[in-house]
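> Found this in TrEMBL, in case it helps:
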type    : residues                                               : note
DOMAIN  : 1-501                                                  : domain 'UvrD-like helicase ATP-binding'
BINDING : SER10, SER11, ALA12, GLY13, SER14, GLY15, LYS16, THR17 : ATP binding site
DOMAIN  : 543-800                                                : domain 'UvrD-like helicase C-terminal'
Amino acid sequence: MPQQFKIYSSSAGSGKTYHLTKEYLKLALQSENPGYYRSILAITFTNDAANEMKERILAALRQFNEVQANANAQARSEELLDLITQEIQTEYNQPDTDREMVRSRAQRTFEQILYNYSEFAVSTIDAFVNKVVTAFTRELNIPYNFEVDLDTTTLLNTAVSMLLDKVNNAPDNSLLAQTLEQYALEKADEGRSWNSLPDELAAFASNLLNEQVYEAVSELQRLKLEDFKKIRQDLYRFKKQIEEAVVEAAQAALDLFSANQIEASFLHYKEKGIYGFFNKYLKNFEFQKPNTYSEQTIYNDKWVGAKVPKDVEARVNSIKSQIVAYFQTIETIRTQQSANYILITEIIKHLYQVSVLNELEKCIQDIKRDTNLVHISEFNKRITDIVLNEPVPFIYERLGEKYNHILIDEFQDTSSLQWNNLLPLIENSLASGYFNMAVGDAKQAIYRWRGGDMDQILHLYKRNTPALYQNRKNEDLLEARYDTLDISLTPADLNTNYRSASEIISFNNDFFKFVSESNPAYPMLQSIYDENFKQATPESSTRTGGHIQVIFTHNEDTNYQHELNSCERTGQLYDGYEKPEVLTYQESTLQIVLQLIRHAMAEGYEWKDIAVLSRTNRNSRLVAGFLKEKKFDIISQDSLSLQFAEVVNLVVALFRVFNRPDDTLARSEAMYLFCKVVLNVQPDNTLTQTIATIANCADNTAFFDELRTAGYDLEEKETGNLSIYELTEKIIRVFKLLDKNNECEYLFRFLDVVLEYSLNQSNNLNNFLEYWETHKEKLSINSPKNRNAITITSIHKAKGLAYPVVIIPFADWSVEPQRSALLWSRLPADLPIFHDLPAAVVTMSKRLEETPLQPQYQMELEKTFIENLNMLYVGFTRPQDRLYLIAQKKDFNQGGNQKNTSFLLYQYLQHLDLWQDDQLCYQLAQGAATQHSSTPFTEQVFHLDLFSSFNWTQRLKLKQHANNVFDFETQQEYRRLNRKLHYALSRITTADDLNFVLKQLVNEGIFSSKETPELRETLKKIINHPEIKRYFGKDILIEKEKEILNVRATRYKPDRIVFDGTKVVLLDFKAPPFTPEHADNLNFYASLFKELLYTEIECVLYYFDVEEVQKWVYVEDLKVGV
């Protein structure tokens, strides 16, 4: 294959992962070398996507050489093998390569990957960059033993605290102190609290870690506090000069009216006319175009009202030429300077924050140096600083020789920094004549807030590479690299949807084409949703009968259900209502979601087939809480979050009690959760009052006494020396929390969090509780696979997934930037006033349309619109069978209601001539009565009810405490001896181990030197007993006290299990006399091995003291009498 960079523009459901897998396999198998896979680097966006691609590659390689039990799977494997063989023959000029040769190569490649898995280079882009950074720590000026920091919040808050401490503790930082003081005063003048200063600084400092604004931040970081002070003074001076000139002219005009005794009421349209034109500049200075009344006065000579006395009119006529001159003075200033004035006004609003960015960056670097941490956001920046300054970046010299092919997935989510860092590798590969590719879909670009740059795939697909390097930093170097790329660029499409029913595909094609054509002011939108974006259905597809329904609701909606097939209101109330009521938009939306879920289940779908996708996590949380109340099994971010697990909250509440014994609220919460979680009692009014009484005691003695009374002794006076992890283990152990509920996975994850924090941060309980409060929202368990539950998630997290039924509630999000959104802009070089300021930060405001930033403002509006429209596209393309949309109905004739996605749906329904003002439900495609059939879902759950946790201090105690462990002195002498024998036998595998084990037990303080000879002789008799001597031999497999887990996750532990050829022997050591229970226990153990398909099972009982042995062969369903 000749050198080629193939850029695929894919669509949802078009088999993108399949195509990447096929290309990877083709590259790996075109070579006779089974290790050629080492020359391929495949990069994707998420860990899940990387793991899926690895699994697909390995599965395909394995299946090429295996006969599949499933005929369809076998056919797909053979079809893929044929396709790869054909393409190797044609593209790599190997006409003699047949499918059996490719099959053989696949087998050898599969084995090589398993033997050298670390060379299997399929990973996320972050993992690849981390690998590069780790290899070149010295060159990148990074500590060689650095740790990767993912915790942005803590880093920024610590940096802000350090900055404020620097101001308080260092008087020589006067300029920094003045800057922050002026910033706080400015906030106070605006009516905002100065207490929010740390939070605002931390939020703004996050831009230091944001790749999206990296270039602008880099430009601004070249300026010092002194530079910003001068810039601020210059801007204020320029602004003041403009204001003074305008105010002077306005005041002169008003003084002239006053000197001639001309009141506003005498003039044309009074205060609304020419008088108000001048007066507004004195009351509230703001440049505005003159209104019609003022223009009529100036240009049409309409100066006075109809009933104005002649003498007044004469006085007006005598001064009107002067008034016109003042008017023209102001208008000349406005037309010449208003654009700069507005821009300066907007820049000044954020200038204090921008000016301390450098100081915050210094604090961040100090933190990293002190803690040996490197934030993950810094990796790409460090590499960029090298690759954009060296024609042949030295850090890629070795990698360039290693990787011949680069395959990039989810290209639309790749940031410009990431792409520019990969570009030298691709350039080198193309120059060597190798194949490379990237796959992406600009319609699914929804990660711009994380740096994703959809421009890249758009311009590369259109072969418009100059747009990617012109006016960029190091333009000449980038141009040279893109020239190499440009020669090899080959655009291609993947636009067949294999996921959705044909009706859903047609709806999406029509809807997004309509939206694109309805917004001609957005040229990028036209480029994304052009004539090539439409999806096609597979030629052999039989997937029809898709269902699409749009339901509008609103505030003050009724609580009557919809008849979903006819879209008419029924006479039946929503669930939980006994009489007609008026619902809010939120309430009615949740009720509609519930009705749709029940309708889908009635149509044959299971819970796991249904997904509820929302634009925001807040809305997902609303839906999850509502459905949880209705007893639905759900998987959501909240349901997986540690902070919503009651068992974790109990542990944290007890932490608070230990941390602050006088915290009555903590005691109350802990006791309440103790009743719910441990005692399984829902506190009623009486119990709640008791809890309050205990919690409000003067100290915590009553609290811990109450726990002891219930049988749970935390030994609170002995917990002071425990680490956080040990305290956590103790709480779990004492309360037997793993036995009390089904939240074990949350406990294990919480233990991981505690351990990680105590190892990397601090072992201070108070510090951990502060950490928990700021991080608990981000801590969760992994989503369990194959669980029969409704998925409730955000559209962002649903990307790449598919569900038979998709419900999108609250489909009315804004398509405009948020009010607090910032525009990081380049300032025009031709404006002297901005010469010293290379970039600026301004709030996204309509006023920017009147400034030199208008093109950048318009571009930001367009990108925001596209991103929010793409959110609809991602949501609309998740369903296989059914799509339900729930949006808010508003007065769409008002302009303010035309800036959200519900308006787009309204416009589309109008376009179809379906919209009726009194209609709320629209069925765009009618699905069949039953759309889905699946095998019954069964789930086997294993509960971990044994928590191996011990007090390690007790393990270090010697002889004087060993007696307490075994409680020997309170038992008869023979029982003491038998207990020790039993323990010794649990440590002995073969007869040769006897002396070594005895020595160990003496060293551990379990046996004394005095009693060892007697124990040795007794153990020798047991081991050499002719009936059981065989079970201490070297030629058999022996397991001692090995647990057996049955289907109910209950554990059983015979003393000794011997695997002797095809026979299994179960041996128990007992104290006489014999009881039937002894035999029953062994028979039960034997039945478990029978379930494990062992056919020959022998049971043996050995009795101490009498040295008697009982043996029998286990027979299923037969009680053996001995």
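Cβ atoms are placed via backbone N, Cα and C, with glycine included.
In TrEMBL, annotation is done automatically, which means it is predicted and not curated.
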> List the same-chain residues at least 6 positions away in sequence whose Cβ sits under 8 Å from the Cβ of SER14 (ATP binding site), in sequence order, or say none.
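For SER14 (ATP binding site), the qualifying residues are LEU494, ASN495, THR496, ASN497, TYR498, GLN535.
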> Considering every residue in the domain 'UvrD-like helicase ATP-binding' (1-501), what is the mean pLDDT value?
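Computed over the domain 'UvrD-like helicase ATP-binding' (1-501), the mean pLDDT is 89 on the 0 to 100 scale.
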> Quick check: in three-state DSSP terms, what is THR17 (ATP binding site)?
helix
> Find, for the listed binding-site residues SER10, THR17, the residue with the lowest Cβ contact count at a 10 Å cut-off, counting only other Cβ atoms.
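THR17, out of the binding-site residues SER10, THR17, has the fewest neighbouring Cβ atoms within 10 Å.
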> To see if you understand the setup: which same-chain residues, six or more apart in sequence, place their Cβ under 8 Å from that of SER11 (ATP binding site)?
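Spatial neighbours, sequence-distant, of SER11 (ATP binding site): ASP441, LYS443, LEU494, ASN495, THR496, ASN497, PHE533, GLN535, THR877.
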> GLY13, GLY15: which of these binding-site residues has the highest Cβ count within 10 Å of its own Cβ?
GLY13
> In sequence order, what residues of the same chain, 6+ apart, have a Cβ less than 8 Å from the Cβ of ALA12 (ATP binding site)?
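Correct list: ASP441, LYS443, GLN444, ASN497, ARG499, GLN535, TYR873, VAL874, THR877, ARG878.
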> Taking the mean position of the Cβ atoms of SER10, SER11, ALA12, GLY13, SER14, GLY15, LYS16, THR17 as the ATP site, which residues outside that list, in the same chain, have a Cβ no more than 8 Å away, listed in sequence order?
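For the ATP site the neighbour list reads HIS19, ASP441, LEU494, ASN497, TYR498, ARG499.
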